[in-house]
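These notes concern the structure reproduced below.
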Amino acid sequence: MSAATAQRTQETPVPPAPPTSAVERVLKARSLGIVLALVVLVAVTAAANPLFVSGQSLRDIALSTAILAILAVGQTIVIITRSIDLSVGSVLGLSAYAAGSLLQAAPGTPIVVAIGLAMLVGAACGLVNAVLVRFGGVPALVVTLGTLYIYRGIAFFWAGGQQINADEMPGNYLGFGTATVLGVPVLVLIAAVVLVVAGIVLGRYRAGRDLYAIGSNPDAAVLAGISVGRRLLAAFVVSGALAGLAGALYAARFGTVDAAAGTGYELNVVAAAVVGGVVVTGGSGTVWGAALGALLLTVINSALPVLRIDQFWQQAIVGALILLAISTDRVLTTRLAAQLRRRNSHGR
Amino acid sequence: MAVDVPSSTGTAGAAAPAPARRLGALASWEATIIALTVLVLVIASLTVDGFGDAGNAVFLLLDITPILLIALPMTLIVMTGEIDLSVASILGLTGAVMGSLWVGGMAIETIIPLCLVLGAVLGAVNGFFVTVLGLPSLAVTIGTLALYRGLAYVVLGSNAVADFPFAHTGWVTGTAGGGVVPNLLLPLLVAVVAFGIALHATPAGRGIVATGASDTAARFAGLATLRIKFTLFVLSGVVSALTGVLWALRYSSARADNGAGLELAVVAAVLLGGVSIFGGKGSLPGVVAAVVLLASLQNALRLENVSNEALTVVTGGLLIASVLAPNVLRAVRRRSASARASRAR
Amino acid sequence: MSSRRGLSLVLAGSLGLTMALTACGGGTTRESQAQQPAAPAPSSSAAASADPSAEIPEGLKIAFLPKQLNNPYSDIEAAGGKEAVEELGGEYSLVGPNDASASSQVSYINTLIQQQQDVINIAANDPNAVCPSLNQARAKGIPVVTFDSDANPDCRDVFINQATTEGIGKTLAEQALELSGGSGKVAVLSATANATNQNAWIEVMKEELAKPEYAGVELVEVAYGDDDDQKSFQQTQALLQKYPDLKAIVSPTTVGIAAAARYISSSDYKGKVAVTGLGTPNQMREYVKDGTVKEFALWSPADIGYLAGYAGAALKAGQITGAEGETFEAGRLGEYTIGADGEVVLGPPTTFDASNIDQFDF
């Protein structure tokens, strides 16, 4: 699909116009759409039940978004390069269990060390993915589908059916999961830092722009002298490390860890990115959008029960939203391309 | 596929080598996987207690059925360079609809054809988004994966429908005349052979291969590539729906979560069978061998009390190895060839 | 294009084939089906009549198939089973899926049949889906004991019930009354909506709540956390948003109660909303100590497995056949009698609170 389908619209020539402006406009329209949807959803839900905008409720939503958003940021970085990382759910499970076991064995471990270990485990998983993709010549979908099974298997093997309960985790770590600074949960602050750093690097720095170049046209990127291999390696390692970070936060937030933690997350994460305007064919999309996508999915999940809509509708709505998001993008892009073409011909 | 990687051996490599060599590598992988499957079957029959007898063969066939059936259209779809991740959700939704219609008092003979039509419609929705709107199938079918599974829950909630007629449930799990030949065997063989012929010995099949090898070239050659893809998505929907019906009958249980997660197992089997995720390359015998290989390995390891975890790791490892091994072999061969060349000089 | 016609032919062919295959006999509807006799259920292996003095042979291969493996509750049950099998000089094996799905349990039952196990002990994930396979096992002379979560009575010999349904339902109602302080809104956080056990208990609890002495207690909702930690956590959040004046959450499942307690202990609702239900002491210790949970109940999961192990061996030996009134010895637990429908009840549940929780480790 992809390469071919993407070309299909492009082969009707739009050469002179800088395509980035069209893409940017679509993205802006997209972000605006999500924000609008969020505002409407929150307003309607709050009207039905004012408690939806109470401090506790907002904190819960922010906490749930934080973990999904961190994963979505990592996923975006990989998808931009025209790859995908389906192993994130399993990496989360494995690293959460790693952090949990460390804390269980040595309750005095500083929080930073536990998080560091989880990120290290995640980065190692990401490195394995990257090496297989880069040096093994195996497509990312195949590699990460394979490691989705392998990392999960390792987690089950390691856990051997054990669960790490809240009473086996040190109190300061659980406290860290619920701690707040000026009323904002620490986990949310961590996610915000990750988001801002990733957003700036992708938007302003050479390393970030290279990723877009690689995803837009791999061959051209090579010719332009970009070290494609190193950048790809970095993208997968970062995605792994962020999944590891999400694992550590998961352990702190939920207080109970078993080998199944994060099962099936990969689809939520890809969904968040796609809803947020990240194009699965690479080269386009921002982490800001992905984070907005994560927020929207979380708010929907929290709003449905409050609106007394049967929880069974939830998944169907998420699915419909993904289809709506990608179709809108396609329609907007086509229309903008047509507009630009007209403007160009008038100008001549 | 959307997720191709700008690596030298992946996309770029596919365009470069002479067709003959590519055919060679393909044939060797297919031969490898078939040989491996035979090897596993023989070793397991000889060394694993209870693997080789007729009773186990029936279980094995029942376990294989869903993945094998869905893998048939999936092979064709991946061959065109697309993917359908919604198959397990179509299976679940069909089962849920079947259950609620049965509870509603409709005759099972009416329900089953209706379910197949439903499958065709669900597949057509996928096909519409991919071919008419031109969206990447990975994104579309992740969306419908969630949508269809969600609708299954809407239809059936957390209820389970269990009282399907014994004549039907018994037929699915039973053997011909109570002997050793499962009732499902013949229809399955017919389906495999039909898909095999369609892919490897008809103009339609060549059209699929050509579409996957180069969509643009295929269109210039006058092939209606979009129409081919659309039909394949519909076909995938129908087969997934049929599998949903069989699933509900086999377990006498229609639930919204029937077959959840099966899509990854199917894709894994198709890729292990040597089908290229970029399309244009692959064969049905390889895929069938891969399905049998995975299932019999699983069956044998279970009989030996090997844990589930090991199975998961083996599945993932085989999947990666299926693409990695030929690449590594090719690189080694190339290196030794160039070494020979330089020595000769 | 010919290619298109080819594909359409395949499509039409497969449609036609399947329709032909499915058209066996005239219209079968649910009603017409109901009038026909049910599927034949083979009676177990063992002799038709029980021989209470039969010896339990050494070296019986006794297999345990819990709902899922990576669940602490299931692990404790299976450990109890292991203890019993070792006391009996048998060969213990534990198999099971990593997810609580019926279809994967079926594959494992088939494996156990092929391994020629002597007894299968199973906690069924779906009362119907496992039935055909269990009956195949019984037809081959392998007695089937269900424990914790029953299958259809047609396809097992004995069911080890953790406590009477009435007993548990009443306990839940009493907890609701006590923790709501005699009046106010309470909610139930259950497992899946079709969980056999939980639904039966909730049914009894509702009947109890309808009695005059419970007039002040209002059960506002039964929510389902699907025995999934995160989902239960989120369902608790949603319950509290919907009913800000909720007095208590009663969760008759170990996953649900732990998740509800965890959410409440870390939220503004701590101290305002009581949590109770059925949980394991190790999972709940933290929350009993920090005051989120005053009391909860549970039977000993290890004893369920232990009793199932003995019941299975007694079936295989022919001491019992699963008929009402038969008795068998269950090691350290003493003698048990089989009740109606082949049910054996373990005993009354234990209530845990701050004063006694440290005496338990499971």
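Placement of Cβ uses the backbone N, Cα and C atoms for every residue, glycine included.
TrEMBL annotations: computationally assigned, not manually curated.
As recorded in TrEMBL, the features of this protein are as follows:
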- B:31-51: transmembrane segment (TRANSMEM)
- B:57-78: transmembrane segment (TRANSMEM)
- B:85-105: transmembrane segment (TRANSMEM)
- B:111-135: transmembrane segment (TRANSMEM)
- B:147-166: transmembrane segment (TRANSMEM)
- B:186-209: transmembrane segment (TRANSMEM)
- B:230-249: transmembrane segment (TRANSMEM)
- B:284-301: transmembrane segment (TRANSMEM)
- B:313-332: transmembrane segment (TRANSMEM)
Long-range environment of the transmembrane segment (B:31-51) - Cβ separation under 8 angstroms, sequence gap at least 6:
272-274, 285-286, 289-290, 292-293, 296-297, 299-300, 303-304, 322, 325
Honestly, do the transmembrane segment (B:186-209) and the transmembrane segment (B:284-301) touch, with at least three Cβ pairs under 8 Å and pairs 6 or more apart in sequence?
yes
Under 8 Å between C-beta atoms and at least six residues away from its ends: which parts of the chain pack against the transmembrane segment (B:85-105)?
66, 70, 74, 111-112, 114-115, 118-119, 122-123, 126, 138, 141-142, 144-149, 151-153, 155-156, 159-161, 163-164, 236-237, 240-241, 243-245, 247-248, 254-263, 266-267
Cβ under 8 Å, sequence separation of at least 6 from the ends of the transmembrane segment (B:284-301): give me the contacting residues as numbers and ranges.
29-30, 33-34, 36-37, 40-41, 44, 48, 51, 56, 59-60, 63-64, 67-68, 71-72, 75, 192, 195-196, 199-200, 265, 268-270, 272-275, 310-311, 314-315, 318, 322
